[in-house]
Amino acid sequence: MSLDIVILAAGQGTRMRSALPKVLHPVAGNSMLGHVIHSARQLQPQGIHVVIGHGAELVRERLAADDLNFVMQDKQLGTGHAVAQALPALTADTVLVLYGDVPLIEVETLQRLLAKANDQQLGLLTVTLDDPTGYGRIVRDEQGKVTAIVEHKDANDAQKAIKEGNTGILALPAARLADWMGRLSNNNAQGEYYLTDVIAMAVADGLVVATEQPHDAMEVQGANDRRQLSELERHYQLREGRRLMAQGVTLRDPARFDVRGEVSVGRDVLIDINVILEGKVVIEDDVQIGPNCVIKNTTLRKGAVVKANSHLEGAVMGEGSDAGPFARLRPGSVLDAKAHVGNFVELKNAHLGEGAKAGHLTYLGDAEIGARTNIGAGTITCNYDGANKFKTVMGEDVFIGSNNSLVAPVEIKAGATTAAGSTITQAVEAGDLAVARARQRNISGWKRPEKIKKS
């Protein structure tokens, strides 16, 4: 069975009170539409067709990709009208209709729905709610077969009492779709062309409407305002927390933990409160992450420890290495096994060899640091001349004294030592001691200046 997916993303979202198109509002660091597209791709369709309208150019700009076909809906005349705009591009056997503001839909739910769709049967995703206000109601006959969907504004009192609501997500036989679209009418309270009207048409044409439901009603929850958006965010985070805990992660408090990307984890991982994981994060076995950390596009090898209030981006921490508290590892930072980065240390494009240490109050940029080298407090690499970046290289077993300025390009070879307070501008040979500071001079009998008293 070949598959085309149509994603409806043309709505304005006036209740968001925003210049940003509704479908671009983020959930967990990705736009709502981005989440839907991600789920759609996992179904491996032959085409993904995104119907856009309000803010169309911005939506195209943010989400442009070779596998997406953007279809313009100039006037928002209803869901049926939106799907009709994509008709010329649909060539598969089955068409799945999704919504750009329903970001939590699970791929497994969609797979179950698609399994019920064929040339003689529609797949319709419904949801049973205690309060289905706003949802179209699923009307069934005495045998329990679906006969129609009635929109809330068009429903009578008996129909409004029905608890089963329409999610709008359905799988249709493509061969029938053009005929049904041509028969749609806007004779309703909204004056719109409802996609849901194809259900009654399908029944009249002798097709069966097979229903499926999500395991969790939040899967089909949309966001029309910022309160609903925040509810989606919190539900997504709790869902991700449950997923990670099932894989062997201890979360001190799943309600105070955020995932904003793709996270893979090992076993016996400990994550404290207020940790944010962004982008692609790999966490191996026995890793510990302290409170209030932000970790983005980073790999943490087995047994690595990230202490409180640290910020890591584009970094790799080797096995048994540690960073923090208050450490900042910027893109290109690599710590080999058992390397140590302490409090108020910043690394950028720096590689610390096995067992190397930078304990505190240090900036290391564009640096290659050998195994077991020790960097004294207050040391900085002077790597930028206002136009170009230069590299600092330190061999193995180097000892850098406190409060050093290492003016790149410069090399300090294996086993060398630099004295505290030095400004190193030239190469230091292996095993040498470099002293690059003014000699101390004491002035006897010196008196401090006195403040002039105001008259």
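Just so it is clear, glycine is given a Cβ too, placed from its N, Cα and C backbone atoms.
According to Swiss-Prot:
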ACT_SITE  H360  active site, proton acceptor
BINDING   D101, N224  Mg(2+) binding site
BINDING   A377, N383, Y384, S402, A420, R437  acetyl-CoA binding site
REGION    1-226  region 'Pyrophosphorylase'
REGION    227-247  region 'Linker'
REGION    248-455  region 'N-acetyltransferase'
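Location within the structure of each feature annotated in Swiss-Prot.
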{"residue": "D101", "record": "Mg(2+) binding site", "DSSP (3 states)": "coil"}
{"residue": "N224", "record": "Mg(2+) binding site", "DSSP (3 states)": "coil"}
{"residue": "H360", "record": "active site, proton acceptor", "DSSP (3 states)": "strand"}
{"residue": "A377", "record": "acetyl-CoA binding site", "DSSP (3 states)": "coil"}
{"residue": "N383", "record": "acetyl-CoA binding site", "DSSP (3 states)": "coil"}
{"residue": "S402", "record": "acetyl-CoA binding site", "DSSP (3 states)": "coil"}
{"residue": "A420", "record": "acetyl-CoA binding site", "DSSP (3 states)": "coil"}
{"residue": "R437", "record": "acetyl-CoA binding site", "DSSP (3 states)": "coil"}
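A 10 Å cutoff on Cβ-Cβ distances gives A377 (acetyl-CoA binding site) a total of 18 other Cβ atoms nearby, all chains included. Ranking the recorded positions H360, R437 by how many other Cβ atoms lie within 10 angstroms of each Cβ puts R437 at the bottom. On the backbone, the CA of A377 (acetyl-CoA binding site) and the CA of the residue listed as 'active site, proton acceptor' stand 5 Å apart.
Tertiary proximity for the region 'Linker' (227-247) is limited to same-chain residues at least six positions away from its ends with a CB under 8 Å from its CB atoms, namely 16, 25, 27-28, 32, 103-104, 218, 221, 254-255, 257-259, 263, 265-267, 269, 271. Counting only the Cα atoms, the space from N224 (Mg(2+) binding site) to Y384 (acetyl-CoA binding site) is about 48 angstrom. For the binding-site residues D101, N224, Y384, A420, the ranking by surrounding Cβ atoms (within 10 Å, all protein chains) places D101 first. The binding-site residues considered are N383, S402; of these, S402 has the fewest other C-beta atoms within 10 angstroms of its C-beta. Note: the CA-CA distance between Y384 (acetyl-CoA binding site) and D101 (Mg(2+) binding site) rounds to 46 Å. Of all residue pairs in the acetyl-CoA-binding list (A377, N383, Y384, S402, A420, R437), the one with the greatest Cα separation is 22 Å apart. The average pLDDT the prediction assigns to the region 'Pyrophosphorylase' (1-226) is 95.
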